[in-house]
Amino acid sequence: MSRFLICSFALVLLYPAGIDMYLVGLPRIAADLNASEAQLHIAFSVYLAGMAAAMLFAGKVADRSGRKPVAIPGAALFIIASVFCSLAETSTLFLAGRFLQGLGAGCCYVVAFAILRDTLDDRRRAKVLSLLNGITCIIPVLAPVLGHLIMLKFPWQSLFWTMATMGIAVLMLSLFILKETRPAAPAASDKPRENSESLLNRFFLSRVVITTLSVSVILTFVNTSPVLLMEIMGFERGEYATIMALTAGVSMTVSFSTPFALGIFKPRTLMITSQVLFLAAGITLAVSPSHAVSLFGITLICAGFSVGFGVAMSQALGPFSLRAGVASSTLGIAQVCGSSLWIWLAAVVGIGAWNMLIGILIACSIVSLLLIMFVAPGRPVAAHEEIHHHA
């Protein structure tokens, strides 16, 4: 079992590493490529576009051909794209490399969640996804620090060589450690069960909405945090970095505590707690009389996301034993596109950073609480799920 957990964690971590590690080198990259920092900030959106594009096909291929045939090319593409970015001499080539990086990371991301669905029952999967969420929260803190240390001695290209090295590690794990987990092709008698795993299942769609809104909350916070903390609240850059590190610490602490909470409370209770924390955060930020109270509201956002997201993802994947790859892809596409669409629309309409965050917090909590209350699982979830591996 440990091999599957190690491989899944490694496959997922390419995604946040590809986002956060290069940011510290952005000024030098812009100078070397004769582009403005503003022009290169689109590299974030290009990377996410690559991930979304990969998810359109990766899940279906993973369900038909297996997890390894998607993970291995995905890791290889991430390596090649990282090297391509390091060799880019124009901003156009650099952005093309970032899109390819996103494609590779997207393939690996989809496979990671499919593997966890293949190998873990619902309760254990919820615990592991909560731990994974905590580890993912470490990357936005550690990656820029590692990038800064690298750039003290080496040029910005070394950041992408470091990412390539990470990709090589994932490729080696996928080649030599990961074993195929895709369930065996169903017999004719099992076809009705395969056909019953519909993406239009009300319970699955409700969890897609809940997780998409939750990701929209956390990405809205990350996207607006420089404006909120430095421009509106007046913190210095160093203080901003400290606050963001503390919020990551809150996320990690809650994420690592959630598996223990699942041993005491029902998953539904934790999901309700998550949305109540979002609602409390929105109200706190809306009526906040001081910076201290606002910072408390921000910690509620991080705690709310960490306590409920892994549980919701586990529930979303639960009904899909034969189509876990497609389900994972659908979740990823909805989360990436839905959150990006909200942030873009809010900016186009002219909603301020503060109101943008308060609005998504309150909308997410109300909609999600209604879905949790009124949309129950369509079938009982087995306490244990036997894995039928390919020979």
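Indices start at 1 and increase along the chain as displayed.
Keep in mind that glycine also has a Cβ here, set from the backbone N, Cα and C atoms.
Under the heading transmembrane segment, Swiss-Prot lists 4-24 (among others).
The transmembrane segment annotation in Swiss-Prot covers 42-62 (among others).
Residues of the same chain lying 6 or more positions beyond the ends of the transmembrane segment (69-89) and with a Cβ under 8 Å from any Cβ of it are 7, 11, 14, 18, 22, 33, 54, 58, 61-62, 96-98, 100-101, 103-108, 110-111, 157-161, 163-164, 167-168, 170-171, 174-175, 178, 325. For 69-89 (among others), the entry in Swiss-Prot reads transmembrane segment, with the evidence type sequence analysis.
What Swiss-Prot lists as transmembrane segment is 93-113 (among others), and the listing cites sequence analysis.
Swiss-Prot lists 131-151 (among others) with the feature transmembrane segment. Long-range Cβ contacts of the transmembrane segment (131-151) within its own chain (Cβ-Cβ under 8 Å, at least 6 residues beyond either end) map to 8-9, 12-13, 16-17, 19-25, 28, 158-159, 162, 222, 244-245, 248, 251-256, 258-259, 306, 309-310.
If you look up Swiss-Prot, you'll see 158-178 (among others) marked as transmembrane segment. Same-chain residues lying 6 or more positions outside the transmembrane segment (158-178) and placing a CB less than 8 Å from one of its CB atoms are 3-4, 6-7, 10-11, 13-14, 17-18, 21-22, 24-25, 67-68, 71-72, 75-76, 78-79, 82-83, 85-86, 101, 104, 108, 115, 146-147, 150-151.
Counting residues 6+ beyond its ends, the transmembrane segment (203-222) has Cβ neighbours under 8 Å at 140, 271, 274, 278, 298, 301-302, 304-305, 308-309, 312-313, 315-316, 319-320, 327, 330-331, 334-336, 338-340, 342-343, 346, 356-357, 360-361, 363-364, 367-368, 371-372, 375-378 in the same chain. For 203-222 (among others), the entry in Swiss-Prot reads transmembrane segment, with the evidence type sequence analysis.
Residues or ranges marked as transmembrane segment by Swiss-Prot: 245-265 (among others). A Cβ distance under 8 Å defines the sequence-distant neighbours of the transmembrane segment (245-265), meaning residues of its chain 6+ beyond its ends; these are 123, 126-128, 130-131, 133-135, 137-138, 140-141, 298-299, 301-303, 305-307, 310-311.
Beyond the ends of the transmembrane segment (269-289), by six or more residues, the same chain brings 210, 214, 217, 258, 261-262, 296-298, 300-301, 303-305, 307-309, 311-312, 315, 354, 357-358, 361-362, 364-366, 368-369, 372 to within a C-beta distance below 8 angstroms of the stretch. The feature transmembrane segment is assigned by Swiss-Prot to 269-289 (among others), with sequence analysis given as support.
The annotation transmembrane segment is assigned in Swiss-Prot to 293-313 (among others) on the grounds of sequence analysis.
Among the features that Swiss-Prot reports, transmembrane segment is placed at 331-351 (among others), with the record citing sequence analysis. Same-chain residues lying 6+ beyond the ends of the transmembrane segment (331-351) with a Cβ under 8 Å from its Cβ atoms: 45, 48, 51-52, 55-56, 106, 109-110, 113, 207-208, 211-213, 215-216, 219-220, 223, 313, 316-317, 359-360.
What Swiss-Prot lists as transmembrane segment is 356-376 (among others).
Using a Cβ-Cβ cut-off under 8 Å and counting only residues 6 or more beyond its ends in the same chain, the transmembrane segment (4-24) has close neighbours at 43-44, 47, 51, 71, 74-75, 78, 85, 101-102, 104-106, 108-109, 111-113, 115-116, 118-119, 128, 132, 135-136, 139-140, 143-144, 146-148, 151, 156, 159-160, 162-163, 166-167, 169-170, 173-174, 177-179, 181.
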